[in-house]
Amino acid sequence: MSTEATTTGNGTTGETTAVSPAKTNMLSNLLSEIGLLFTFTVRVCVAAFTSLRHKRLAWREALDQMWFLAHVTSVASALVMIPLGVGVALQIGALADQIGAGAYSGAVVAFLIIGQAGPLVCALIIAGVGGSAICADLGARTIREEIDALEVLGLPVLERLVVPRMIAIAVVCLLLNSIVLVIGLGASLFVHVLILDGNAQSFLRNLVQFSQPSDFVVSGIKAVAFALISGIVACYKGLTVKRGAQGVGDAVNETVVLSFVLVFVANLAITQFYPLFVSVKGAY
């Protein structure tokens with residue numbers, strides 16, 4: 001058991017306090033998990049480059065995964081974005097009226113939806129629905145020893161199973177982000193005009209005045225980045241499953257939690273660095 005020394009007020013060393021082995025093991029396991037996940041990410045990048053370079057990408061698998069992900073996430077994203085857009089518009093509109101800036105509430109809502117809400121909704125749905133499904137699929141193949149069989153046959157597992165899923169999840173999340181932005185902005189416009197008695201022309205005029213094409217570009221970049229993070233975590237957890245069916249369930253839970261944490265960290269980083277490279281008219 002490791003110990004750490006404590007000092008008294010006069011500078012002398014007092015009695016030592018024991019450091020719990022559980023805390024040490026937890027930190028060690030966390031650092032090990034981060035290292036393994038980073039190594040897996042590098043391997044996937046190399047596999048993607050190799051498969052594209054030698055033109056042996058499994059396009060059929062990628063298309064099948066695109067269809068599956070679009071099928072399970074599109075309706076859920078729309079159902080989440082509609083009430084979210086309405087709620088944000090109502091709250092921002094009420095606050096803007098209190099400070100005498102009701103005419104600009106539409107632009108503020110649009111900034112929130114384009115820069116934050118849209119990509120995050122897509123990422124959370126993709127991670128919670130698509131990522132968990134990918135993890136469960138690969139985890140089931142792992143415990144049935146299908147992955148081991150592919151490796152014995154000399155077939156590249158990352159190129160055949162992981163890379164197509166990464167391409168699929170990135171493409172679907174990008175398209176899903178476009179749909180979600182339209183739905184969110186439409187819901188905000190609806191609230192601004194019919195509930196807050198605003199003017200549709202002023203809403204659109206302020207949106208054009210304070211936004212720029214790069215705002216939509218960075219929204220798409222966020223969506224793709226979040227999707228790749230969720231896909232990497234899902235594939236990694238699925239291919240490292242242990243302890244049979246119970247391990248698959250544990251891996252799915254860990255996939256969702258870890259993906260959410262990494263997505264919010266990535267969102268913070270992109271949001272902070274975006275103004276350093278693009279001169280913005282407004283701010284999210």
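Easy rule for this one: first residue shown is 1, then count along the chain.
Every residue, even glycine, has its Cβ placed from backbone N, Cα and C.
Just so you know, TrEMBL annotations are computer predictions that nobody has curated.
Keep in mind that what you see is a predicted model, and the values were worked out from it rather than measured.
TrEMBL lists 34-54, 66-92, 104-134, 167-196, 216-236, 256-277 with the feature transmembrane segment.
Against the transmembrane segment (167-196), stretch 66-92 has more CB pairs under 8 A than any other of 34-54, 66-92, 104-134, 216-236. Comparison of 34-54, 104-134, 216-236 by number of C-beta pairs under 8 angstroms to the transmembrane segment (66-92) places 104-134 first.
The list of residues near the transmembrane segment (34-54) in space but at least 6 beyond its ends in sequence, with Cβ under 8 angstroms from a Cβ of it, reads 156, 158-159, 162-163, 166-167, 232-233, 235-236, 240. Within its own chain, the transmembrane segment (216-236) is flanked in space by residues 36-37, 40-41, 44, 114-115, 118-120, 122-123, 126-127, 130-132, 134-135, 138, 161-162, 165-166, 169-170, 172-174, 176-178, 181, 255, 258-259, 262-263, 266-267, 270, 274, 278, which lie at least six positions past its ends and keep a Cβ under 8 Å from the stretch.
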